[in-house]
Amino acid sequence: MTRYIFVTGGVVSSLGKGIASASLAAILEARGLKITMLKLDPYINVDPGTMSPFQHGEVFVTQDGAETDLDLGHYERFVRTTMTQNNNFTTGRVYMDVLRKERRGDYLGATVQVIPHITDEIKRRIIKGAGDADVALVEIGGTVGDIESQPFLEAIRQLRVEIGAKRAMLMHLTLVPYIATAGETKTKPTQHSVKELRSIGLQPDVLVCRSDHPIDVSSRRKIALFTNVEERAVIALEDVDTIYRIPSVLHAQGLDDIVVERFGLECGQADLSEWDRVVDAKLNPEREVTIAMVGKYMELLDAYKSLIEAMTHAGIQSRTKVNLRYIDSEDIEQQGTSLLEGVDAILVPGGFGLRGVEGKISTVQYARENKIPYLGICLGMQVAVIEYARNVLGWSDANSTEFDKSSGHPVVGLITEWQDATGATEIRTEASDLGGTMRLGAQECQLQTGTLVHDCYAKDVIVERHRHRYEVNNNLLPQLEQAGLKISGRSGDGALVEVVEAPEHPWFVACQFHPEFTSTPRDGHPLFSGFVNAALKYSGKA
């Protein structure tokens with residue numbers, strides 16, 4: 001029988017509800033419990049797939065091909081549970097499903113309202129997403145008091161009553177600001193945030209108080225008194241040197257004991273030695289490298305959240321401090337490749353649209369001609385193919401049809417047909433909707449023996465996640481291969497190019513898939529580990 005921990009946030013947004021939830025989940029998992037996590041997003045978009053990275057940050061792709069909130073990336077990095085499309089849903093998705101049922105006549109002519117129809121659909125999705133887990137942590141996006149969050153909070157209130165207090169807890173994150181002129185932390189914002197929650201029928205069981213300064217015992221006692229929360233359930237969570245320390249911080253304050261006692265669960269003690277190892281390797285590196293990351297969304301680094309974390313994980317595995325030099329590809333176009341001087345490796349991540357593409361192509365040329373280790377991901381592979389066609393084959397007009405539909409040598413084009421993660425055939429044209437029409441989710445890839453990528457994975461067949469609608473044009477592939485471009489990975493059916501490598505280069509790998517989505521701090525990822533090792537070798541520190 002599943003128990004539920006509902007996680008809300010107050011005072012301000014971006015307090016780290018996702019990381020706090022994932023950290024608690026990691027402790028409970030370490031105690032031997034089966035864990036799952038859900039993220040409920042209050043926005044009207046059906047999913048974040050077509051939202052600007054500048055507004056929403058990264059779109060995290062699940063194993064089954066769902067385009068979801070970046071918090072699901074945090075979940076998968078902290079726990080071993082694999083997330084699916086059931087672990088994230090939005091207001092838009094809920095309303096779409098309810099309206100579809102109304103059109104079918106499922107409500108038998110009833111007046112469709114927020115209560116009960118919308119709240120019932122939210123509750124149904126929460127229960128479905130929880131599955132057979134021992135504990136499901138359910139994070140509600142936004143801040144208490146937001147008008148968009150009201151249906152979700154009402155659904156939680158109802159669900160707590162329906163399943164009973166012994167199966168439901170509410171954990172509320174708040175901000176306890178430090179006022180430098182007064183020299184003290186202030187509890188009033190937390191008091192008001194809890195008052196707002198209680199006004200809609202929700203009493204927190206646990207308060208996680210975020211602060212950039214220590215919260216003393218008297219402040220915690222005051223918070224407990226005014227919010228009707230046990231003093232030991234007022235958890236102080238200061239800023240830390242690495243997010244992977246947070247499980248230990250929460251465990252030291254007994255948060256997992258509070259949960260286990262409340263739910264009456266029988267389980268062992270938490271073994272956090274894996275997390276201790278991660279923190280030690282992260283904070284005590286033995287060497288360091290500098291890697292240039294050339295992208296087009298550098299104003300909001302959350303657009304590359306999983307990728308940045310994957311580079312950190314690779315550093316943890318080899319006890320290497322990975323210094324990322326963030327470079328906007330438009331700056332390369334305006335200032336030239338001198339911005340890349342002095343780096344030990346170059347990384348070009350994915351992206352959409354024409355802006356900044358020529359800067360990425362110049363970056364690839366610089367890496368290839370100067371024998372600097374290069375890793376291209378998604379668009380980073382496509383620009384590698386375009387660069388090779390232009391500067392090795394001499395096709396000066398080579399391009400992708402995404403950027404130039406009249407190109408005489410469209411070496412990258414729209415995929416018109418493929419199989420999705422379920423095995424069903426998908427067909428797309430230029431006129432297809434942008435939302436939900438890409439090649440998404442886990443796909444098999446066959447690796448060629450004797451290649452760099454095969455050396456990294458040490459496998460003939462791998463499974464990685466995809467998010468793209470353009471691919472290498474098979475009609476021009478023979479000329480590319482004849483000119484030396486190495487095709488080191490193909491889709492499971494052999495129809496699509498998945499990985500390319502440049503000849504006569506110490507380490508040049510470009511892949512169509514997104515390996516960052518499966519990298520974790522405890523296990524790392526073979527491709528990123530190979531990339532960092534290549535950077536170490538290039539710098540002479542291997």
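Every residue, even glycine, has its Cβ placed from backbone N, Cα and C.
Features of the protein shown, as given by Swiss-Prot:
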type     : residues                                                                              : note
ACT_SITE : Cys378                                                                                : active site, nucleophile
ACT_SITE : His514                                                                                : active site
ACT_SITE : Glu516                                                                                : active site
BINDING  : Ser13, Asp146, Ile147, Glu148, Lys186, Thr187, Lys188, Pro189, Thr190, Gln191, Lys222 : CTP binding site
BINDING  : Ser13, Lys186, Thr187, Lys188, Pro189, Thr190, Gln191, Lys222                         : UTP binding site
BINDING  : Ser14, Leu15, Gly16, Lys17, Gly18, Ile19, Asp71                                       : ATP binding site
BINDING  : Asp71, Glu139                                                                         : Mg(2+) binding site
BINDING  : Gly351, Leu379, Gly380, Met381, Gln382, Glu402, Arg469                                : L-glutamine binding site
DOMAIN   : 290-541                                                                               : domain 'Glutamine amidotransferase type-1'
REGION   : 1-265                                                                                 : region 'Amidoligase domain'
For the binding-site residues Ser13, Ser14, Thr187, Thr190, Gln191, the one whose C-beta sees the most other C-beta atoms within 10 angstroms: Thr190
Nearest-integer angstrom distance between the alpha carbons (Cα) of Gly351 (L-glutamine binding site) and Thr187 (UTP binding site): 43
Closest of Lys186, Thr187, Cys378, Met381, His514 to Asp71 (ATP binding site), Cα positions, recorded positions only: His514
Cα-nearest neighbour of Lys222 (CTP binding site) within the listed recorded positions, Ser14, Gln382, His514: Ser14
Using Cα positions only, nearest of the binding-site residues to Glu516 (active site) (Ser14, Thr187, Gly380, Gln382): Gly380
Among Gly351, Gly380, the most crowded of the binding-site residues [Cβ within 10 Å]: Gly380
Candidate binding-site residues Gly16, Gly18, Glu139, Pro189, pick with smallest Cα gap to His514 (active site): Gly18
Entry from the recorded positions list Cys378, Leu379 having the most other CB atoms no farther than 10 A: Leu379
Position of peak Cβ density within 10 Å, selected from the binding-site residues Lys188, Arg469: Arg469
Residue among the binding-site residues Gly16, Gly18 whose Cβ has the most other Cβ atoms within 10 Å: Gly18
Rounded to the nearest Å - Cα separation of Ile147 (CTP binding site) and the residue listed as 'active site, nucleophile': 37
Candidate with sparsest Cβ neighbourhood (10 Å radius) among Ile19, Ile147, the listed binding-site residues: Ile147
Rounded distance in angstrom between the Cα atoms of Ile19 (ATP binding site) and Ser13 (CTP binding site): 13
Cα within 10 Å of Cys378 (active site, nucleophile) - qualifying binding-site residues among Ser13, Ser14, Gly16, Glu402: none
